[in-house]
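So that you can see what the record holds, here are the features copied from TrEMBL:
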type: DOMAIN; residues: 117-289; note: domain 'Mur ligase central'
type: BINDING; residues: GLY119, THR120, ASN121, GLY122, LYS123, THR124, THR125; note: ATP binding site
type: DOMAIN; residues: 311-422; note: domain 'Mur ligase C-terminal'
Amino acid sequence: MFEGKMIDKKAVVLGFGRSGQAAARLLLLSGAKVIVSDRRPKDKLSTALVRSFEEQGVLFDTGGHRPELFEGADLVVISPGVPREVAAVAYEKDIPVIGELELAYRFLLPEKKIIAITGTNGKTTTTAMVTDILRLSGQKVFVGGNYGTPLSEFIINGQKADYVVLEVSSFQLETIETFRPHIAIILNITPDHLERYADFNEYALAKARVYENQTIDDFLLLPEELSAPLPFPKARVLFFGEKVNSGAELKGSSFVLHLPQGREEYSLAGFKLLGEHNRLNFAVAALAARLAGATPQGIREAIKNFIGFPHRLEFVGTFGGVYFVNDSKATNVDATLKALEGLVGPIILIMGGKHKGASYFPLLPLIRQKVRLLILMGESRYVMAEDLRESTEIKIVENLEEAVAVAISEAVPGDTVLLSPAAASFDQFENYQERGDIFKELVKGYAPQFLGEDNRADMVTYH
């Protein structure tokens, strides 16, 4: 399957995170001579992991990415989190530079079909939705990519699945060459990662690469309205939204799939996730899964059983008649917009974190409409305060602990305290998960008891 494809070839792997480790394993099995480069000193890497790879012949070059590494290299595999500039010498020498996603795809058996999901927001949840529907329809599914397990691990473990469902990020798509999903989904494209890309258009074009190798035999699922012009696709295009007649149409508390074989309508009664965007994401997931052979019964079971993920409009509980919602995964403006759209006021909104270069002006109308108090924290608090100064009452604090304390002191019965930062977490936290977990711990510290019943119906507006 892959043995011998890279015999006597020198491969440099940039980054020793999970995708870099998986790429190194696959390269070793293909016969390559592998060098792993990581910016961290060797003593900061897992000793057991390093020893395991060294025993298999992998060389390590740590503490930075030296230009000399690329001498004589036949291939460079760059991890998504490593800046492209690190591989500048390789590009100058015309050494192929690809990512782990492209590397693994080159070993994928032709009969294995891929559903690839990208977008600024909602990727992980939609990926899980597609997976659940397919599995409830009796199919064997590998799920991974940017979500969980690298595709290389699927290759190494024998490719035992009917369908491959992948979350793919713009960082991963930058380095594809032949990657071709049978079904590609772009959920949305809104400004994000502008610290990495020259402008919004460059970011949008990176997302659009998900369909650049598709043909008329493939499907591309797009929102009815996109905020960026994209290259013309070769695949068959289906749309999703509130006014579509080919694809997935959201109709408040139900959705309709307009399929080649006819029209199917599904009730969303019993669907557990907050927010209209999650209902639309489920409709898209159902469309993709149906195109991949899922059954109507599998869709109906998933509607009732899918519970979502922590930190994504996660209902934490109630205290003194005040609702608390953890949306720590909202690391950009559009994600916070979706959260505000999905909740009714009055809202006490906690925002702030590491600034990513985008404007916060798009939040003004909904903050004016629904938010009675805006609490700003972290590195971006003064930039946010300037952009949103004409929105509502604003209080500025240093950190999350102070933000929660202010929210508790100001909240009255009927309020919703929403953590939806619209910024990255790295100014004060390891990641958005840590930020969300600390928020939940702080809230529970103030609340001696939480109601057992999840009163989501009181929190969500159904249009």
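Cβ coordinates come from backbone N, Cα and C, glycine included.
Automatic, uncurated: that is what TrEMBL annotation is.
This view paints the features noted in TrEMBL onto the structure.
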{"residue": "GLY119", "record": "ATP binding site", "Cβ within 10 Å": "24"}
{"residue": "THR120", "record": "ATP binding site", "Cβ within 10 Å": "24"}
{"residue": "ASN121", "record": "ATP binding site", "Cβ within 10 Å": "26"}
{"residue": "GLY122", "record": "ATP binding site", "Cβ within 10 Å": "27"}
{"residue": "LYS123", "record": "ATP binding site", "Cβ within 10 Å": "24"}
{"residue": "THR124", "record": "ATP binding site", "Cβ within 10 Å": "17"}
{"residue": "THR125", "record": "ATP binding site", "Cβ within 10 Å": "25"}
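Within the domain 'Mur ligase C-terminal' (311-422), the DSSP-based counts of helix, strand and coil residues read 38 helix, 32 strand, 42 coil. The ATP site, placed at the center of the C-beta atoms of GLY119, THR120, ASN121, GLY122, LYS123, THR124, THR125, has further neighbours from the same chain whose C-beta lies within 8 angstroms: ILE117, THR126, LEU187, ASN188, ASN281.
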